[in-house]
Amino acid sequence: MTNLHPKPRANTAPPIDLPVAMLAELTHRCPMRCAYCSNPVALERPECELSTAEWRGVLSQAAAMGVMQVHFSGGEPTARRDIVDLVRYAVEEGLYTNLITSGVLLDAAMVSDLARAGLEHVQLAFQDSEDEGANIVGGYHGALGKKRAAAGLVKDAGLALTANLVIHRHNAPRVGAMIDMALEMGCERAEVANVQYYGWGLMNRAALMPSRAQLAEMTATVRERQARYTGRMVIDYVIPDYHARRPKACMGGWARRFLNVTPTGKVLPCHAAETIPGLVFDTVRDRPLRDIWDTGQAFEAYRGDAWMPKDCRSCERKEFDWGGCRCQALAIAGDAAAMDPACDLSPHHAAMAAMAEDEADADARAFVYRAFGAHKDSTF
Amino acid sequence: MLVTRTLITAESVPRLAPHVTLKHDTVRDRWVVLGPERMLVPDEIAVEILQRCDGERSVAAVVGLLAKEFNAPEDDIAGDVRELLQALADKGFVRA
Ligand code: SF4
Ligand code: SF4
């Protein structure tokens, strides 16, 4: 018998992993003006946002390609009037739903509508355990009181609650008090999140950077609380990159587990990817999500190990950290395809730590607050 | 707030914590545990254990059931079951 149908050629390229999580940035509108906000400095205008129908399409496509969790974020996601509708739709699509919010717009009716729609979890950000500190970094008066009230509403509605404790030079001495506050509010989980320097955070880096001594103290305090609260509240803590020896597996590896959809529908491999020159971001208005994931230029750019510098490509950790963060490599080493300078094998590692120390010592006290359009400086 | 740490004993009655679900990932044909911004891919044994933690059976009953179904001595699996559930309880995935 002749073989009329030769076997297809073995495909040597490894199969592409599909994403497990999607960050849906519903809007860049936000009543707060946090100096550390990681949104891009050029915020996307409200009139260009995806419609409800477009977001529904994105959620369906995400579920069909294996996304398990959706994080509704922003900006402030509850500034969208269709937030409850979108949560309900995501739940119907079988997605596990998280809401990442500042909490300042939440009221009892909205929280109970969200709970009825099937929302599982709320992540509420806290700037400080004291009013003054919270007001200054958030550029919003009275945020802490509103956030505490929101936390109560979330607990009353029976939802899971995580406190996202955003740490920088000015509140670092209160990290213990902030963790205690999270426990008192009934959080099952707290994330001690050192500011990441993207977007507005990068612009304000010199005014936010903690010192090495502060970090050492912070780490000891967090470890003590982790031991004390074992089984009562989970405390996640990541040593900030500027003082680490090895980089984090940013996004679990570029284009491996995670995708981000911006308010206007651009699909990004990570929420800071737009800072990298030369990448092309397709939008869900032009192409199906799956296509963008599989073959979009921005996704292919740093997927796998072909793009890596040779020291990473031959490193045994390359499938743990995937060479670290591309945006940080760009910001510090000047090349998005360089080794993340958080790695102590990087030629820029020492310079990065020294820069962090210098900035912390200089103790700058001026923030540029997050805003649409022209930026305003203010000192405190 | 959990006032005290969940300690898993033979008498505890374990269940997944609120807002934690065991879900079949149809795209990849595997089971996953989903929780607040967390995902865990349990191995086959862990899946069998979790599927039997229904909030009514005690740990001892789960062990008994597994021993019968998999034809293994209870003593061999009791330790593994308790360890797994304690680890998941400390991570916030399981309550008892
Ligand atoms: S970090 Fe602050 S300003 Fe930025 S989206 Fe969140 S709450 Fe709004
Ligand atoms: S050399 Fe590259 S792969 Fe190895 S630890 Fe450093 S950043 Fe990671």
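Even glycines carry a Cβ here, placed using N, Cα and C.
Unlike curated entries, TrEMBL annotations are predicted automatically.
Owing to the predicted nature of the structure, the values given are computational and were not obtained by experimental measurement.
Here is what TrEMBL says about this protein:
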type	residues	note
BINDING	A:Cys30, A:Cys34, A:Cys37	[4Fe-4S] cluster binding site
DOMAIN	A:16-228	domain 'Radical SAM core'
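Least packed by the Cβ count within 10 Å, out of the binding-site residues A:Cys34, A:Cys37, is A:Cys34. The residues near the [4Fe-4S] cluster site, meaning same-chain residues not in A:Cys30, A:Cys34, A:Cys37 whose C-beta sits within 8 angstroms of the mean position of the site's C-beta atoms, are A:Met32, A:Arg33, A:Tyr36, A:Asn39, A:Gly75, A:Ser102, A:Gly138, A:Trp200, A:Arg370, in sequence order.
Mean model confidence of the domain 'Radical SAM core' (A:16-228) amounts to 95 (pLDDT, 0 to 100 scale). With a cut-off of 8 Å between CB atoms and residues at least 6 apart in sequence, the same chain places A:Cys37, A:Gly74, A:Gly75, A:Glu76, A:Ala79, A:Ser102, A:Arg370 near A:Cys30 ([4Fe-4S] cluster binding site), listed in sequence order. When secondary structure is read from DSSP and collapsed to three states, A:Cys34 ([4Fe-4S] cluster binding site) falls in the coil class. Candidate binding-site residues: A:Cys30, A:Cys34, A:Cys37. Not one of them has a Cβ under 6 Å from ligand 2.
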